[in-house]
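Asks: Quick one: this structure, given as structure tokens, is what I'll be asking you about.
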């Protein structure tokens, strides 16, 4: 009897990412289904390693990009997850969300978009009040570059013009929208879509805003919220169990649209529900290759995805995909929903 062919997926990840993602439970499950996860030595040329049927990566830089291009040139049937050019679009917070504004969905009940935002490239524009006329305070200040570095995650909530003084362009100023203190994180793995809810920044009433000036880093906002938890109303607001998830068909359609538009298989996006308009959702961030280990049964979801990838390499036919059925792929753990962890800007990003 012929031995069934095994498939090798090489992974190139920074140490922190590797530690969280490449867990023994994932390696064992993939191995049991004919897939070997193999570490790529980043100190050696990719061309001298392998052979790999697929390369899974989250590394940046021109040298690595060139190595991937050479790999694809000499291995035209191999798969690279994902394209460096597609990933780079997410490194700029303006181009990142631009695609959302261009999406069209068939859903007639729920609507989506992005918050009002502008990019500030220099100090002169930052202090030009006329340049900020279109925005209403408070605003969230985010670095323009979103490359996964510690610097790119330093964000602040700015309450008035005086709060702009300490900011260093280039930055994006995004209107803060009250959203009930809950953020929805939507994980996408190929055709699989999973939405979970997390605690986020608290809402700010008009009355409360009158007594706030300057700016606060996100960590300061979190501490401020912690000190105010003696207020029973705050406790009620932060009860995640009472917050309904967005309609699954709406989230799935939005996720599929984003996947097609940004040409990525592995990403998540953050969504908030505008409390002023109950069926209005705003996409505020998109991240490549997020912390999947936080997702319920991530090993099963990722292994299923790897099997889909190698099925294409085998040239298997006759399998009806979830997209063709108009359905979402289902994981055995889809009844589990996480409810704690980082909210808006608070999630610990991995390299």
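Cβ coordinates are placed from backbone N, Cα and C, and glycine is handled just like the others.
Keep in mind the model is a prediction, meaning the values are calculated, not measured.
In case it's useful when we look at the structure, here is the feature table from TrEMBL:
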BINDING   17, 58, 153, 185, 287, 291  1D-myo-inositol 1,3,4-trisphosphate binding site
BINDING   93, 142, 174-185, 200  ATP binding site
DOMAIN    104-314  domain 'ATP-grasp'
BINDING   270, 285  Mg(2+) 1 binding site
BINDING   285, 287  Mg(2+) 2 binding site
Asks: Do me a favour and check the Cα-Cα span between residue 285 (Mg(2+) 1 binding site) and residue 93 (ATP binding site); whole Å is fine.
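Replies: Residue 285 (Mg(2+) 1 binding site) and residue 93 (ATP binding site) have their Cα atoms 8 Å apart.
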Asks: Where residue 174 (ATP binding site) and residue 17 (1D-myo-inositol 1,3,4-trisphosphate binding site) are concerned, what is their Cα separation in Å, rounded?
Replies: 29
Asks: Nearest of the binding-site residues to residue 185 (1D-myo-inositol 1,3,4-trisphosphate binding site) by CA-CA distance, picking from 93, 176, 200, 270?
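Replies: Going through 93, 176, 200, 270 one by one, the Cα closest to that of residue 185 (1D-myo-inositol 1,3,4-trisphosphate binding site) is 270.
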Asks: How big is the gap, in Å, between the Cα of residue 180 (ATP binding site) and that of residue 17 (1D-myo-inositol 1,3,4-trisphosphate binding site), rounded to a whole number?
Replies: 31
Asks: Return the single residue from the binding-site residues list (174, 200, 287) that has the minimum number of other CB atoms within 10 Å.
Replies: 287
Asks: Please report how many Å separate the Cα atom of residue 178 (ATP binding site) from that of residue 58 (1D-myo-inositol 1,3,4-trisphosphate binding site), as a whole number.
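Replies: About 33 Å separates the two Cα atoms.
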Asks: Could you list the residues of the same chain, at least six apart in sequence, whose Cβ is under 8 A from the Cβ of residue 184 (ATP binding site)?
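Replies: Result: 195, 196, 197, 198, 245, 246, 251, 270, 271, 272, 273, 281.
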Asks: For a quick check of understanding: given the listed 1D-myo-inositol 1,3,4-trisphosphate-binding residues 17, 58, 153, 185, 287, 291, what is the maximum Cα-Cα distance in angstrom, as an integer?
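Replies: Between the most distant Cα atoms of the 1D-myo-inositol 1,3,4-trisphosphate site, 20 Å.
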Asks: In Å, rounded, how far does the Cα of residue 291 (1D-myo-inositol 1,3,4-trisphosphate binding site) sit from the Cα of residue 182 (ATP binding site)?
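Replies: For residue 291 (1D-myo-inositol 1,3,4-trisphosphate binding site) versus residue 182 (ATP binding site), the Cα atoms are 19 Å apart.
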Asks: Of these binding-site residues, 180, 291, which scores lowest on Cβ atoms within 10 Å?
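Replies: Result for the binding-site residues 180, 291: minimum number of other Cβ atoms within 10 Å at 180.
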Asks: Just the number: how many Å between the Cα atoms of residue 153 (1D-myo-inositol 1,3,4-trisphosphate binding site) and residue 93 (ATP binding site)?
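Replies: That comes out at 12 Å between the alpha carbons.
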Asks: Which one is it: of the binding-site residues 17, 58, 287, whose Cα lies the shortest distance from the Cα of residue 93 (ATP binding site)?
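Replies: Among 17, 58, 287, 287.
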Asks: Around the C-beta of residue 182 (ATP binding site), how many further C-beta atoms are within 10 angstroms, looking at every protein chain?
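Replies: That number is 24.
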